[in-house]
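Feature annotation from TrEMBL assigns signal peptide to 1-23. Residues annotated as disulfide bond in TrEMBL: Cys94-Cys99, Cys390-Cys393. Per TrEMBL, FAD binding site is recorded for Arg186, Thr188, Trp199, Ser248, His251, Arg283. TrEMBL lists Cys390 with the feature active site, nucleophile. The active site annotation in TrEMBL covers Cys393.
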Amino acid sequence: MGRAWGLLVGLLGVVWLLRLGHGEERRPETAAQRCFCQVSGYLDDCTCDVETIDKFNNYRLFPRLQKLLESDYFRYYKVNLKKPCPFWNDINQCGRRDCAVKPCHSDEVPDGIKSASYKYSEEANRIEECEQAERLGAVDESLSEETQKAVLQWTKHDDSSDSFCEIDDIQSPDAEYVDLLLNPERYTGYKGPDAWRIWSVIYEENCFKPQTIQRPLASGQGKSKENTFYNWLEGLCVEKRAFYRLISGLHASINVHLSARYLLQDTWLEKKWGHNVTEFQQRFDGILTEGEGPRRLKNLYFLYLIELRALSKVLPFFERPDFQLFTGNKVQDAENKALLLEILHEIKSFPLHFDENSFFAGDKNEAHKLKEDFRLHFRNISRIMDCVGCFKCRLWGKLQTQGLGTALKILFSEKLIANMPESGPSYEFQLTRQEIVSLFNAFGRISTSVRELENFRHLLQNVH
Ligand SMILES: *[C@@H]1O[C@H](CO)[C@@H](O)[C@H](O)[C@H]1NC(C)=O
Ligand SMILES: *[C@@H]1O[C@H](CO)[C@@H](O)[C@H](O)[C@H]1NC(C)=O
């Protein structure tokens, strides 16, 4: 008996050693494994695993979220696509048809949405009144005391240090409503040096990265520089690493969409968009990307968890009785709010939420400075979106950065105390309609990406 055991253990040991020896060198068998080999099990910097997210997202969240995003409240996004790029001025406006964005005719947008961008609650109506007063001059003495207070509060809200994005002035004549359902994010042919420059600036100048360290694949360098990069990344505090991972996750998510809605056929008779597995592999295959692809996909899940956590935290804000998804259609508005709350409760029930309290938790002064840095870097990225040459990409880039910015604002807001039901939600915390629309649409995009990964997993099973 004892000898048999010894033999067995010995054999297992040999097998294990053999595998270890080959593990590094051996090419994983299938195309699917080459993209997804690292994308399973636990994720770094959090206690969640990919399989739990997939199940939760694909079957419980994704279908309901899609339905919500088709509603009038969420499909019309007001955005200024004509803002000049603040960093350089030689933008090559690509002339491609697929880059065009069709703004809405003014009679398409429901009056309720047009009439006021903040018109979602009693309180907001009052604030709107105040804003008008403000434009006329300082706080109008004739306003009630209550209204004056609201004005001051609103002003504070406006220039508060909460905001992670450079917010478009939606009162500007250049800001227009866009129907997101009619202008879907998909492959536009926008690539090459211009697109590359945008991402490169984002990573190079805005991810806390010193110039001396090169990002992998930034200029086709070999293994050693890659190690330098990841050593550097590992050495960072969790917050700065998180920043990089969020940006990388966003980049990955956008590339998943472009691969899933690739322009497959372009004749005068018809255009067909669909999955392009080759394109997906070029972005995410472990071998073709020298190991980068699977990391990008992991960062996509990380981004998902961050936005998921923000949505669960912001639930009390949407539960306020006077909150409305106001479009002017009472019945529809009430149904939408019910669906929204159902989704948020579902999100809240997710068992493995990210713990944002591990962020900015150190020494108070240092944490404050770090948070400020984080915010400034992120704001900068939202401004870079005005430099994207292709309007369709600019639209979705702005929407997704604003959505992520709103998620960060929620996560790091001290005004929104999530876990104190007895005190009720703090009314100091506010979101504008534009922030709400971008928050949910941005999350909808990442949710779609996670769903699409399942499609690509299946498609890749037939590829070698
Ligand atoms: C903002 O971006 C610009 C252009 O990339 C860069 O020159 C500047 O240093 C950035 N500032 C911060 C705080 O990242
Ligand atoms: C898929 O994408 C690749 C580039 O990654 C391209 O060369 C190929 O033509 C595309 N396939 C189709 C059917 O459009």
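Cβ from N, Cα, C; glycine included.
The model shown is predicted, which means the values in this text are computed figures rather than measured ones.
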Integer Å distance between the CA atoms belonging to His251 (FAD binding site) and Cys393 (disulfide bond): 12
Same-chain residues at least 6 apart in sequence whose Cβ lies under 8 Å from Arg186 (FAD binding site): Asp98, His257, Leu258, Arg261, Tyr262, Leu263, Trp273
Of Thr188, Trp199, Ser248, His251, Arg283, i.e. the binding-site residues, those within 10 Å of Cys99 (disulfide bond) when Cα atoms are compared: Thr188
Rounded inter-Cα distance in Å - Thr188 (FAD binding site), Cys390 (disulfide bond): 8
Neighbouring C-beta atoms (10 Å sphere around the C-beta of Thr188 (FAD binding site)): 21
List of residues, in chain order, with Cβ under 8 A from that of Trp199 (FAD binding site) and at least 6 apart: His251
